[in-house]
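*Asks:* Dropping the structure in here first, questions after.
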Amino acid sequence: MIETLSHFTEWLWGWPLLVLLIGGGLLISIRTGFFQLRHFHYILSQTAGKIFSKDNQGDGTVSAFQAMTTALASSIGAANIVVAPTIIFVAGPGSIFWMWIAAIIGQATKFSEVALSIKYRELNADGEYVGGCSYMLKNGLKGNIGKVLGSLAAFFFMMEILPSITLQTLSAVNPIQSVFRPLNVNEDIAKKIAIIAIFILVSVVVFGGVKQIGKVTEKLVPIMAAIYIIFGIIIVIIHIGDIPTAFGYIFKGAFNPKAIMGGVGGVTISKVISQGVARGVYSNESGMGSAGYGHAAATTDHPARQGLWGVFEVFADTIVVCTISALIVILTGTWKPGMSESEMSAVRSIAVERSFNTLFGQLGSVIISICLFLFVLSTIIVIVFYCEKQAEYLFGTKVGKIMRVVASLMILLALFVSFDKAGVFLDLTLGLVVIPNMIGLIKMSGEIKEITDEFFKGPDYYLLDTGKTDKAKTVSKVNMNTNTTNVDKNKEKNVESETMTFESDKDLKEKND
């Protein structure tokens, strides 16, 4: 049974999903004129350039930055430390080039997921904005097809998250055990201390609600990313003379892998492309629909403005963090041409740690342990929240709150289980989530173009700080649907959608005149 599922999952995450993900992302990129490249400088100015800005216009539950860090906490995790080095050992450094290509296309996909999550978000019974893939499908596609796809996406995502919480917890155990090891503490005791500590930390945050999650992630995500990036850049700078050689391996290996890898592992250009694209998508989560659940609560005046944070997430996640991981493994010689298959297999799982140790000694292991723990902790906090939102979508807010408890208890399950073939079920359910999400994005690509054109080409130019318009009280002319939920004594039910059409100051002035 497990073997059959494994083969099916491997096939699903091969060309079928890659064609859907890359094909869909390419379609959106073409229809929007590759805005993610043409307006990249502006996108950075409105995201990274405003990280410390308190200026948030529009409606929402948390700030735009808090929403971004919530979503980024889910995508930036242990995978960013291990994915890039792993695919280098599996398919060669050329796979990094295709990871970059997937990221560029994925920026348009994630922008779309975030923008549509704002357009089709709802108000729940607690007065909080909720949205994401399921809401986008239900409200955007309309009719039975939207409801069915939305429910399937929510169910599969919830089923993927529950075991993922347990496995993420186990991923954080090893770093904590390494801290206790010099103190001669029994490893089993250290494991229990680590798991209980994670449970307490996560519970304190998630039971504070979406606002508390936003407050924690806006501080934790920049710190954890900065620690890893700073020490990673130090290694890159020290080996700056070898950078041209490293990029040579990447570009040459992208189109002629045998020239770099020889015959090791049967590496072909097909394998290089599929590994780079698949792991790139896995790393930044573009196409999975998960980002919308974090961004839906954002305070913003236009769907596209929040969508810019989605573009930035993919850039930070893959182009920055994963690239640093790849470079330090190549620059330090942890990976080098001519390595045998047995040599690569022995190093693969500890490649980044070994790379850090070449410069920092034992301190390198401590740095990686801290980074892994923080990355995993932030991921668990956010996916518990995501799990609650899937249950809320399917069954209402009361069941959603119960699921928050159930999801949190999955952390404690790590006390009794170990890594096994559960990863097969995670990959399978995640693949099943991608299908309805990408179908929805492709069918709504016309709306995505409309949102993008209004923001970048409309007469009101939502391009703040460019000199083209006054700092604005302009709000989107794109309909932003807000569905409200009333609760009576016996049941919760959704009332009819209230479609709010916002008009710009210019239009209002003309009416007043």
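Just so it is clear, glycine is given a Cβ too, placed from its N, Cα and C backbone atoms.
What TrEMBL records for this protein is below:
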COMPBIAS  503-513  compositional bias 'Basic and acidic residues'
REGION    482-513  region 'Disordered'
TRANSMEM  12-30  transmembrane segment
TRANSMEM  78-101  transmembrane segment
TRANSMEM  148-173  transmembrane segment
TRANSMEM  193-213  transmembrane segment
TRANSMEM  225-251  transmembrane segment
TRANSMEM  314-335  transmembrane segment
TRANSMEM  363-387  transmembrane segment
TRANSMEM  399-418  transmembrane segment
TRANSMEM  424-442  transmembrane segment
*Asks:* Please work out whether the transmembrane segment (399-418) lies in contact with the transmembrane segment (363-387), by counting C-beta pairs under 8 angstroms that are 6 or more apart in sequence and asking whether there are at least 3.
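*Replies:* When sequence-distant Cβ pairs are counted, the transmembrane segment (363-387) touches the transmembrane segment (399-418), since at least 3 lie under 8 Å.
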*Asks:* Would you mind listing the long-range same-chain contacts of the transmembrane segment (12-30), meaning Cβ under 8 Å and 6+ residues beyond its ends?
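*Replies:* Contacts of the transmembrane segment (12-30) (Cβ under 8 Å, skipping residues fewer than 6 from its ends): 36, 102, 105-106, 108-109, 112, 274, 277-278, 281, 286-287, 427-428, 431, 434-435, 438, 441-442, 445, 448.
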*Asks:* For the transmembrane segment (225-251), give me same-chain residues lying six or more residues beyond its boundaries with a C-beta closer than 8 angstroms to one of its C-beta atoms, as numbers and ranges.
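*Replies:* Distal contacts: 76, 81, 92-94, 96-97, 260, 316, 320-321, 324-328, 330-332, 337, 355-356, 359-360, 367, 370-371, 374.
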*Asks:* Cβ pairs under 8 Å with the transmembrane segment (148-173): which stretch of 78-101, 314-335, 363-387 has the most?
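*Replies:* Stretch with the highest Cβ contact count: 363-387.
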*Asks:* So if I exclude everything within five residues of the ends of the transmembrane segment (314-335), which remaining residues of that chain have a CB under 8 angstroms from its CBs? That is, six or more out.
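*Replies:* Hits for the transmembrane segment (314-335): 72, 75-76, 80-85, 88-89, 93, 96, 99-100, 102-103, 106-107, 110, 225, 228-229, 232-233, 235-236, 239, 242-243, 246, 249-250, 280, 283-284, 286, 344, 347, 351-352, 354-356, 358-359.
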*Asks:* Would you confirm whether the transmembrane segment (363-387) and the transmembrane segment (424-442) meet the contact rule of 3 or more C-beta pairs below 8 angstroms, pairs 6 or more apart in sequence?
*Replies:* no
*Asks:* Who are the chain neighbours of the transmembrane segment (78-101) in space, where the CB to CB distance is under 8 Å and they lie at least 6 residues beyond its ends?
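*Replies:* Contacts of the transmembrane segment (78-101) (Cβ under 8 Å, skipping residues fewer than 6 from its ends): 168, 171, 228, 246, 249-257, 260-261, 265, 267, 269, 271-273, 275-277, 279-280, 282-283, 317-319, 321-323, 325-326, 329-330, 334-335, 344-345, 347-349, 351-352, 355, 368, 371-372, 375-376, 379.
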*Asks:* Report, as numbers and ranges, every residue of the chain located at least six residues beyond the transmembrane segment (424-442) whose Cβ falls under 8 Å of a Cβ in that stretch; write 'none' if there are none.
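*Replies:* Same-chain residues near the transmembrane segment (424-442) but 6 or more away: 2, 5-6, 8-9, 12-13, 17, 20-21, 24, 27-28, 109, 112-113, 116, 133, 136-137, 140-141, 146, 149-150, 152-153, 156-157, 159-160, 163-164, 167, 287-289, 448.
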